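Take a look at the structure below.
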Amino acid sequence: MMRPSSRQPYVCWQCLSRKDSGQHIALNTRKARVASLSSLASWPISSASIAPRPTRQWDRTLRLFRERRQGLSTSTSLLGRKIPEISNEALEDFALPLEPDLQHLQDSQPKTTKRSAHLSIRQRLKQWEAENPEPFHSIPSDFALPDRPINAFTSKRSEHMLEIENIDNDNATAQVHDQDLIDTQVTPRVQAGDLVELKSEDWNIGVLAVCLGSFNGIDHFYAVTGKWFASSNFKSGFIVKNFITNSADLQPVIGALPSTVGDMSILVELQKLRAGPTREHGAGLITKMLDFQNTSRQIYQSNLERLSNPHRHLPEEEQLMTLGEIAEFLLPPKLKQSSTGFPPAALYAVYNNIRTFFDDFFHPLGQGTAGPSSIIFHVAARSDIENVARVERMVRDHYSPELLDRKSRREHDRLEPVLRQARLAIDHSRKMREWSSHGMLGPTTRVLPASTYSWSQDALTVIGVIHMWAASDVFPRSSKYQWIGAAVLRALGRYQDADVLDATVGWTFLQEIGWLMPWEIHARHSLRLPGLQVNRAGGLLPSPEEQQPAELDEDVLAPLRQDFYTSTVYCIDAPNAKEIDDGVSLEKTDKEGEYWIHVHIADPTSRIRPDSSLAKRAALMTQTSYLPGHVDKMISDEAVVAEFSLAPGRPSLTFSARLNEEGTLLDHKVTPGRIGDVVYITPQDVATAVGPVDAGIPKVSTPDVVLEVGTPPSAEDEAPTRKMTKPDELSEQNVKDLEILSRLAAAIHKVRIQKGSVPIFLPSPSADFSLVNARIEHTPSGFLACTNDPYISVKYSVSGGLHPIVDDLMGTANQIAALWCYERGIPIPFRTNLLAAQNEEALRAYTQDVIYPQLIAGKQPSLEEMRTLRNLLGGHDIAATPTFIYTMGVDIYTKATSPLRRYSDLLVHWQIQAALLEEHKRLAQGSQSLVIRKFDKYHLKPPMDDKQAARLGLPFTASHLENKVFPHLRVRERHAKTLANIDGRNELILQALVRAWRFGEGKEGQVPEKFTYTVVNVQNTCVRGRIDYFDLWAEIDLDNLAGFSLLSNMRAGDVLTVQLADVNVHMRKIVVKPVEFVQRGPERGRLFAEEQEGEGEVENGGEYIDVEHEVLQPQGR
């Protein structure tokens, strides 16, 4: 660095310092810095094969802590940075040789103010700071708070400033409530050697990194920038499997990890201190990543024209597209490899381009198991992009200084008429409902006639863009389009009471003008996928095909059907169920103690073809959505559902199991059939009729907490959909059948428990919703006038375990469907746990010692424990090659028992149907069946090849399923589950909470004044945890924490008494204010020491550390 001087233009500071001290100045020479190595002599080597770390890094670390203790700022690297606090105990465990009075620099200097004549400028500055101590004051960061827009234009961040978010918002990962085997995690499990892109969603920064493995449930990565990262909630949009194939290339970096503890807060502090492997340790990995990155950049530069304007070359309509499909439009075919399509470097060129420059209109939704080409995007319609540009121009013209005079504004300002229309609608709404900052309007206070305002086309365009911003969540936090909606709200002049004009205010604006219902659910819009249109009055809009009567083909299985008229079929379901797609019957054999159990499933695929409009609509829906108040059927045609719901004389596809009294599966078969007599009965009435059955299911109490607002519907409004049989109406034979079925189902359940099945599902909050007393009126302009308010009731319920007949016999049918297809090599959507086989012993130990005892005791395992379990399982997925499902205690599994409600079940039925027809033809000709192999869960083989599948007439080949069907199916199943079971349910709960807490609805005192709050983790800007009220997530932000405690003093495991400070329904967020500590969590240093001492011991979880990468586990820790 140079500085100006009065005697010469520029003078080096170091030369000037030496000149003033009388030193001889030599050109082009520097005095080398000498670092003392004695203070690092005690640093342990983690493995004999790993060289010592360079001293420079840890010398800097020691200097940071010395400066912290003295309250000094002696390092330019501290500017704008808050030094993380870390306890002495933890430092000792890190083996950092930090002595209490480390002041070697001051001790080496004279104790007088006289300065030595032999100091460099750096030494002189250090001495000056030592003689003039001042407390360190961090420069405030301009980082935005969570959920707030980010200034990503004038405040840029480089890839070297990347920080990985570790907030785990996936409630389904943290709790065990069901066995639907749908993984809500967007990112598949990564393993050591995989290449990933680490990303910051806030700043749109992406950095390539190699996964080092998972240790104590936390993933570790080494980035191309030479930095080490650890993450407990890793998310990536781009993964290349087996990028590093030789484990020896990873070992130097793994051996240099400073810690592999399971406490994320400690690892975060170490990352901030730049601890971890150096560039020398990771030189080999960096070289390989740079080669990959440079190849990708060369491909990008060679195809710059098409990549710079991707939407110009893609289809105009909104759709889901895989990265491989997008690359087909944007890259030349000559880049393709013969059998695998585009290479990963070419795919990364496309991915990195659209993620960096077009992330507003390309939203990655997850990656499958078929490599980067299976990454799937929600691609916006070209008309949406044009509307955003049009509204942006309108808003800019409205605020442009050259249009300030009235005449010009009247002629050119197209936004002002829209604002006048909106103000009238807002003022009319506020005469009936109070506006609130809680992401929803208040309840109805008076009823007025609906407004008849006429909305212009410009107004509809502006409203559409605000809908994209506030309802559909199209724009990321760092998007340049975030300002548009805020500018429109500011111009309205009606939201002065809002702290920030953000998307939440935009959401309430849409409610006030009648575009959305006051009780609308945000997740219905943010989770909507292409092909489905949300009906703003509730549910989904029907497609044009659905508005026409459905056409059904002839029954292709009619010649194969067998009659089951001699057996009574028991359809066990709720009285208000409309799709009756399963039932069971019993058949005795000629051997005592052995029975045939027949599970009869509705058979719509016999008359619905895979390429029909009904099938295509079912593929878009994926499954029936049971979101309260917005039930949307996969097959919406009532006539079709009635045609195939089980009833006397109806067709069925029957999955039969021969069982003994011990629950052992002796034989199985699949038969097209017709059912005879049917008894409809509820699970509760079955339990009443047969009495208690010992299925080994532990008893658990259900909390009696209830939150209720609105007027409940009358009993007449919930009439059953069919004649239900009561226990006293059952015949003697019916009771005997149900007793045997219950006994066999209980035996099956015990077998599954022995194989590792989850023993019990704990109660979870559920919401009931009724619009009986609310009124929705459509205005002539297509808007909504809503009066009164819906009824919402929140209470605890159990999603599984109602009766063994329901759960275990349906599970057996699914197992038979999977087994039957596997024996014939038929590709179907098998449900899989990718790592369960290789981690079986560790899974058994971990579940039996850690997870299941807590469930049996009525306690949900912690986030860290459930994350470790998921790492061992490898998550849930669908694939054409099966694995066994450990947590269900089954060796092979698919879903086949709800074809009227799930598209994956239709896929299974179509494949089985084609195989049955082919097998029937072969047997008629005297040939053998299609069975080609026996089942062995430890040596599972892939399905038949595509040519053989085509010869058999299968509608779907394995490659078609893996590359075309499964990527879409994964995303749509995940969104459907998230909407109905997580985000949508939580919004209904928060709506009821706001109406009771903020507006005083419902019974007095049903919302406590104070709650017990347990801290789960401490983030950079808040504390996150759960309150003891429906187990809801809540956070303590810095404003509410001020005056109570420093953020650095909060610990995971702290128990506090808190009060509600804010509830935001739109953001699904609760903020609480701490009142007092009830109990302190374990100190970080002591917790870390216990974990380090416990590694390798079964009782402390050491046996479960990095089981999936055992060969790569650091030694000697």
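Numbering starts at 1 and runs along the chain as displayed.
Cβ atoms are placed via backbone N, Cα and C, with glycine included.
Looking at 55-80, 289-314, 705-730, the stretch flagged in Swiss-Prot as region 'Disordered' turns out to be 705-730. Away from its own ends, the region 'Disordered' (705-730) comes close to residues 575-578, 580, 679-682, 685, 688-689, 738, 770, 772-773, 789-796, 989, 992-993, 995-996, 1001-1003, 1006-1007, 1029-1030 of its chain (Cβ-Cβ under 8 Å, at least six residues beyond either end). Using DSSP to sort the residues of the region 'Disordered' (705-730) gives these counts of helix, strand and coil: 7 helix, 4 strand, 15 coil.
Per-residue pLDDT, averaged along the domain 'RNB' (561-916), amounts to 92 for this model.
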